[in-house]
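Taking it in order: structure first as structure tokens, then the write-up.
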């Protein structure tokens, strides 16, 4: 029985990234009878940003941790255990200020632990052999030839992090120009926005069936 870890990070309950990730999770469940979806909403339940207690706890024996270290580590352990138990990972990621949400960054900082989730010696890392799907939503377009080309600090960063965690099967699905329908200055781009949505819907269906 497979387990999908589904993580949302948008602050908006009606965001495009949430909507497309929801479709993916539903399709994944239909294509994996008996499978389980573990869901975490980083906006509703934001992880703590990493502090010294959380950092130092990772290199302190359990019986020597202070109460503050123990509490900080318990939070990290919960997030790490979810990732370790998953057979596949789904991240829904809106683009905020050319990058990711602070809550997703906090989650990343919590789950990266050298010699547990990340191996520096050639051993297994936590995402070894696990497919990772990242669904992003962007108000603009960031592909080659666009005015914003080179300003995407979302996919390159996440790809690097996920690779460090051991992932080799990483698929990004971008929903772009989400502001075209609400920003009059972008009205001419509505057809391109619709093309992006159509392509994303097809990509979601194909990836969820894999």
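Every residue gets a Cβ built from N, Cα and C, even glycine.
What TrEMBL says about this one:
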type: BINDING; residues: 10, 15, 16, 17; note: FMN binding site
type: DOMAIN; residues: 3-179; note: domain 'Flavodoxin-like fold'
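Here the features listed in TrEMBL are placed on the structure.
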residue	record	Cβ contacts under 8 Å, 6 or more apart
10	FMN binding site	17, 18, 43, 92, 94, 101, 137
15	FMN binding site	92, 94, 137
16	FMN binding site	94, 137, 175, 178
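For residue 17 (FMN binding site), the count of additional Cβ atoms within 10 Å of its Cβ stands at 25 [all protein chains shown]. Sequence-ordered, the extra residues of this chain that approach the FMN site, with Cβ no more than 8 Å from the Cβ center of 10, 15, 16, 17, are 8, 12, 14, 18, 19, 20, 21, 92, 94, 137, 178.
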